[in-house]
Each structure stands twice: as C-alpha cells, then as structure tokens.
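Per TrEMBL, these features apply:
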{"type": "TRANSMEM", "residues": "B:40-64", "note": "transmembrane segment"}
{"type": "TRANSMEM", "residues": "B:76-98", "note": "transmembrane segment"}
{"type": "TRANSMEM", "residues": "B:118-141", "note": "transmembrane segment"}
{"type": "TRANSMEM", "residues": "B:161-188", "note": "transmembrane segment"}
{"type": "TRANSMEM", "residues": "B:195-213", "note": "transmembrane segment"}
{"type": "TRANSMEM", "residues": "B:251-273", "note": "transmembrane segment"}
{"type": "TRANSMEM", "residues": "B:319-339", "note": "transmembrane segment"}
{"type": "TRANSMEM", "residues": "B:406-426", "note": "transmembrane segment"}
{"type": "TRANSMEM", "residues": "B:432-454", "note": "transmembrane segment"}
{"type": "TRANSMEM", "residues": "B:475-498", "note": "transmembrane segment"}
{"type": "TRANSMEM", "residues": "B:504-525", "note": "transmembrane segment"}
C-alpha cells in the first residue's frame with residue numbers, strides 16, 4: 001500500500017531523512033518510532049505530498065506521489081500532530097468541505113458523519129465553530145475527517161496526543177477495524193506501550209536513518225519494545 | 001519596578017519588536033533571515049509607499065500653509081492639521097486595536113507565563129503607539145515641511161515638531177485603545193455573533209467617521225473664511241487653541257499637554273487592569289451547546305473550495321473590514337450617484353470632452369472596485385493550516401482559482417452595478433455602456449490577479465494575528481496602489497486618444513490592453529504561481 005524507497009530529505013545542511021526504505025502492506029498497522037527530531041514527521045509529510053523529497057520515491061497503492069500527487073492523495077488521509085483546522089468553520093462545515101473535495105456521496109457522508117461522530121462523542125459539537133474546540137476535540141474532528149472518504153492508507157502523526165482515554169480506546173479500535181478491512185495505517189508515536197499492543201510492524205528511526213524494522217515480534221524479540229528502543233537509542237545505561 | 005519585573009517587561013518588549021519587524025527581517029517563504037539587500041529592498045518599498053501617502057497629505061497642508069501662515073494664523077494651521085493627523089491615526093489604529101490588544105493569538109501562551117496582564121497590555125499598547133505614530137507622521141511631516149517653508153518665524157514650531165508628534169501619537173493610541181476596549185466589552189456580550197457584531201460596530205464607526213469628515217470639511221471652510229476675511233470671528237478659543245499653541249513652540253503648554261497625556265495613560269492603565277484579563281480570556285462561543293448538525297448536499301470541488309474561502313471571509317471581521325469594504329462603497333456610490341444624478345451629469349458636461357463621460361464613469365467604478373483587496377492576503381491567511389489544503393487531492397491552481405473567484409464573487413456584482421448606474425447617470429451611448437461594463441469586468445479580474453500574484457510572491461504563514469497579514473504586510477497596499485494606478489493610467493490613455501479617435505474606439509483599446517494583462521497574469525498564476533505556491 002505504501003512503498004518508500006531511498007527517501008532523502010534535507011533542510012539546508014541537515015539531512016532530516018536519509019535513504020529511508022520501508023514497505024507497508026494492506027491490512028497492516030505500521031508504527032514509526034524514534035526520538036524527537038529523528039525525521040518521523042518529515043517522512044510522513046513526504047509521504048502525503050506536503051514536502052517534496054530531495055531524492056527517492058514514495059508510492060501509494062502503486063501511484064508515485066511525485067509523478068501524480070493528486071491521484072496518490074485521493075487514496076490517503078493525513079492526520080498531523082497538531083491539527084490546525086479552519087477556525088472559521090463549524091465542525092460540520094469542515095467535514096462537508098473534506099467530503100466535497102473527495103467527492104463523498106450524500107448518503108455515505110451522512111452515514112459516516114453520524115457513525116464516527118457518535119463513536120468519538122463529537123456529534124453534539126459539530127455545529128460549533130472549530131475556533132471554540134479544545135485540542136482533543138480538534139484531534140477527534142481531524143480523525144473523523146481522515147476517515148470520511150474511506151481512504152486506503154492513513155498517515156498519522158502522534159494521533160493519541162490530546163485524546164481522552166475513551167477516545168484513545170475508540171481510535172485504537174477504529175484503526176484495527178480499518179486495517180482488518182484491507183486498509184493500511186502508518187503512524188508515528190512516542191507511546192511505546194500503544195505501539196507494542198497495536199502494531200503489526202514497527203520501524204525505529206534515529207537521525208533520519210532507519211536502524212531497525214520488521215514485525216513486532218522480530219524487532220522486540222524477548223524484550224519489551226521500550227527496552228529495545230532504549231538500547232538502540234543508546235539510553236539503556238541511563239535507565 | 002523590581003529587577004524581575006524589568007526583565008519580564010524587556011523580554012515582552014523584545015518579543016513585540018521581533019513580531020512587528022518579522023516581515024522585514026525574515027523571509028516568509030524560506031523562514032530564514034533576509035539578506036541585507038532584501039531588507040533594503042523591503043525598506044525601500046515601504047519608504048516609497050509612505051512618500052506617496054505623504055505627498056497626498058502635502059497637497060492639503062501646502063495650500064493651507066500658504067493661506068494661513070503669512071496671515072499670522074499659525075495656531076489655527078496647526079490645530080487643523082493636528083486634528084487631521086489624529087483622525088488618520090485613530091482610524092488606522094481603532095480597526096485593529098481590538099485584535100491587537102485583546103484577542104491576539106498568543107493570549108493563552110502569555111497568560112500561562114508569570115507575566116501580569118497589565119504588562120501584556122502595556123507592551124501591546126506600545127505596539128499600537130508605534131503604529132499610530134507611523135500613520136500620524138504621514139500627515140505631520142508634510143505639515144511641518146509646509147510650516148518651515150511658509151511661516152515667517154518657524155523656529156519654535158520646528159523645535160516642537162518631534163515632541164508634538166510623540167504627544168499626538170500617544171493621544172491617538174489612547175483613543176484607539178478605548179475604542180478597542182469598547183468593542184471588547186460589547187463582543188463579550190455578543191457571544192457567538194462576534195464576527196457579525198464586530199463588522200457592524202466597525203461600520204457604525206466608519207459611518208460616524210464619514211459624517212464627522214463631512215462636517216469637519218464644512219467647518220474648515222468656515223474657519224478659513226473667518227480667519228482670512230472675517231476678522232477671526234467665530235474661531236476656536238481657549239482650550240482648543242492650546243493644541244495649536246503647543247505645536248507653535250509654546251513650551252509651558254507643550255509640557256502641560258505631555259503631563260496631561262501621561263496622566264490619562266496612567267488612568268487608562270488603572271481602569272483596564274481589572275477587566276483586561278477577563279476580556280482577554282473571553283471565549284466567544286460560550287458554553288458548549290448540543291446542537292444537531294446535518295451534512296449538506298455534495299457540491300463540486302470548485303464550489304467546495306470557493307465555499308471555504310467565503311466562510312473564511314465571513315468569519316473574519318478583520319479580513320472583511322479591511323479587504324472587502326470596497327463592495328459596500330460601490331453600492332453606496334451607486335445610491336449616491338442616483339441621488340445626485342443631475343449634479344454628476346452637469347459636472348461631466350463641464351469637465352469632460354463630449355463622449356468621454358462613459359469612459360470616466362467606467363473607470364470611476366473601477367477605482368472603487370480597486371479598493372477591494374481580497375486576493376493579496378489570501379495566500380498568507382492559510383497560515384498554519386496550510387497543511388490541510390496541501391494534503392488534499394487539490395491542485396495548487398484549483399486553490400488559487402478559488403481565491404480569484406472569491407474576489408470576483410464579492411467585487412464584480414457591485415462593481416458592475418455601480419458602473420451601470422454611473423453610465424446611466426451620464427447617459428452614455430449603448431456601445432459605451434457595453435464597453436464600459438466590459439472594461440470594469442476586465443479590471444476586476446486584473447486587480448484580483450495582481451493581488452494574488454503579490455500574495456504568492458510574498459507569503460507569510462507564521463503570524464499570531466490575521467491583522468499582521470492584512471494590515472502590516474506591504475502587499476495589500478501595493479495591490480491597491482497598482483490597481484488604482486492601472487485604472488488612472490488607462491483613463492488617461494483613453495482620454496488622450498479620444499482627441500484622435502472616437503471614445504468608443506479608445507475604450508475598446510483599453511479593454512484589449514486589460515484583456516491582455518488579465519491573460520498574462522492568469523497564465524503566470526496557473527503555471528509559475530501554482531508551482532511556487534506548491535513549494536512555498
């Protein structure tokens with residue numbers, strides 16, 4: 001579903017992502033972990049066409065993001081770590097806007113807005129301006145918007161930040177259900193316990209370079225993901 | 001003030017300075033510091049705009065100085081120009097003082113820090129003061145230059161020029177702050193209808209200002225007549241003349257005014273210290289209400305993008321008031337033109353060669369349409385939510401086209417209405433009516449495209465308040481000046497050619513020129529502009 005080949009992105013002298021290669025298959029929840037500034041957000045932004053990589057290739061369902069960005073974007077949804085949404089719209093106006101851009105039919109949007117709205121407890125707030133939302137409400141709205149057009153791939157940057165325990169639980173269930181129907185999720189997180197329980201595959205990145213990737217069982221072996229992560233990051237001794 | 005308070009104050013002031021000079025020092029496109037050449041170019045652009053505005057005010061102060069100063073009416077001369085400078089400065093500050101003082105985007109951030117609210121207010125007021133001073137100097141510098149040229153003994157007035165400017169700017173910022181406070185108090189009551197209320201309040205203020213301007217014009221004429229030919233009967237006396245005397249170099253009066261202003265500032269600080277925190281933290285949405293919201297029917301991508309732009313305009317009083325009021329002006333002008341049809345027709349017959357009235361009517365409407373400046377700030381207004389449009393399957397040209405369509409949707413109908421009314425009032429022939437309407441439509445497209453070109457070339461996404469993008473960036477003003485320049489140049493060309501060919505032919509040539517410019521600007525936006533927007 002998502003193929004990242006030799007992806008490199010530089011900001012001036014600094015190489016944020018260095019020849020990264022990953023493959024995320026349909027049905028997989030792929031966790032992407034690493035310390036702050038490791039290159040996770042840059043990778044995700046390159047995958048959804050917000051940033052242009054310096055070299056390498058990203059394909060979504062076989063479509064090159066570089067060659068046909070619009071076709072690739074139609075297959076995916078992106079959820080940033082800090083969703084700055086349009087403060088001048090109400091929740092429902094925002095969802096309508098996203099649905100219109102993706103050409104979601106009237107019946108499908110009504111059903112999905114109702115379904116996801118109730119699942120994330122946001123139905124009662126959809127008539128309010130987004131400017132009045134809390135961080136968690138914006139996050140929930142961004143999640144609903146991401147699911148609205150039934151994408152094949154969802155890219156999420158720290159999706160659990162700001163969510164209350166119930167919403168976090170609902171999100172995990174939704175992610176699992178989404179991948180069980182053939183979708184794929186590539187998400188970054190600092191919450192290693194969540195990654196350990198939720199992910200089928202995991203990749204660890206440091207200074208823009210991939211230092212380990214594979215199935216959860218392969219990566220962690222007999223240890224916990226936290227232990228492996230700290231060892232790889234060189235922080236085990238300090239613990 | 002203890003050391004900690006001083007340090008805190010200095011840090012806040014430093015932040016304020018950096019925020020205000022960010023557009024000059026940092027490239028919005030790369031996020032990096034500008035080069036020395038870039039800074040100089042930006043400075044030169046600002047300087048040029050300021051000079052143009054000063055020249056327009058000099059056209060008022062120069063003849064006034066010629067009339068009043070040799071006749072010994074120095075006090076009256078300064079009083080008139082002080083009031084004009086105050087009006088300009090207060091108007092410029094009043095429309096943004098609410099957002100700058102009470103509802104800045106970094107309110108929560110600052111309130112979470114150990115900074116007393118009065119300090120935030122004081123520092124923000126200093127920013128308002130600087131802006132008031134800038135606008136005041138546009139009137140004051142040419143006023144002092146004319147004084148130096150025509151006054152028999154100008155030394156006292158020149159020496160008091162700087163303290164007087166500082167004093168007047170203080171008075172202007174206090175008045176602007178009070179207006180902002182009044183708006184904040186009323187908005188706190190208005191709740192969810194904040195945007196609508198702010199627009200209505202600002203329009204009410206503008207209407208009052210316009211009425212005041214009209215009355216003051218009549219008053220000024222009466223004063224001048226009285227001073228020059230009526231022996232000074234009916235001229236302002238007592239307190240009013242203190243302002244004028246201070247500017248003439250009367251040191252005790254000047255000191256007295258400075259002390260009075262300081263006292264007013266202190267009183268204002270005391271008055272606002274209590275309610276400021278409450279007004280800063282007022283949330284306009286009120287308590288979360290449980291309202292049913294149903295999705296609307298599916299529309300095309302093009303309409304969805306246009307609706308997004310319209311929602312932004314309708315939800316942002318700053319955007320609406322500063323960039324779209326030309327539309328209201330065009331409607332008002334249409335009504336006024338109908339009301340004063342006879343006088344306008346007579347004026348056209350007296351001033352214009354036969355057949356040219358139609359072209360003049362069309363370009364008058366075009367000038368009015370040129371005051372709308374929706375596209376220039378629209379790219380920067382994407383701000384931190386730029387990620388959203390970039391991650392959607394929408395091409396950069398589709399996004400830019402929606403911004404153009406917003407400008408057309410808001411500007412074209414009133415511009416055509418106004419042009420139609422003016423053309424009817426001057427009784428233009430049918431071919432001139434059709435050509436005039438075509439010229440206005442092409443001009444509106446051009447002003448939208450020029451604004452968007454500037455917006456794409458000079459974006460700024462890292463702002464704390466929309467005011468920073470709309471009022472403090474050069475491209476809005478530049479877009480308006482370019483539009484007006486184009487309208488005036490085209491009218492001048494049409495008028496010049498009308499001696500050699502029928503006006504309908506010269507207006508057709510103007511339409512051809514406009515169509516060519518439209519095509520060039522739109523082509524640039526579709527190709528290079530779209531590419532630039534994608535990678536900004």
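Residue 1 is the first one shown; counting continues down the chain.
Cβ coordinates are placed from backbone N, Cα and C, and glycine is handled just like the others.
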To the transmembrane segment (B:475-498), which of B:195-213, B:251-273, B:406-426, B:432-454 is linked by the most Cβ pairs under 8 Å?
B:432-454
Counting only CB pairs under 8 A, let me know which of B:40-64, B:76-98, B:118-141, B:319-339 has the most with the transmembrane segment (B:251-273).
B:118-141
Taking contact to mean three or more C-beta pairs under 8 angstroms, with sequence separation of 6 or more, is the transmembrane segment (B:195-213) in contact with the transmembrane segment (B:76-98)?
yes
Per Cβ pairs under 8 Å, the stretch of B:40-64, B:118-141, B:319-339, B:432-454, B:504-525 packing most closely against the transmembrane segment (B:161-188):
B:118-141
Tertiary contacts of the transmembrane segment (B:319-339), as residues 6+ beyond its ends and Cβ separation under 8 Å:
95, 195, 198-199, 202-203, 206, 312-313, 365, 368-374, 376-377, 381, 410-411, 414-415, 417-418, 421-422, 425, 466, 470-471, 476
Please figure out which one of B:40-64, B:118-141, B:432-454 racks up the most CB pairs under 8 Å against the transmembrane segment (B:504-525).
B:432-454
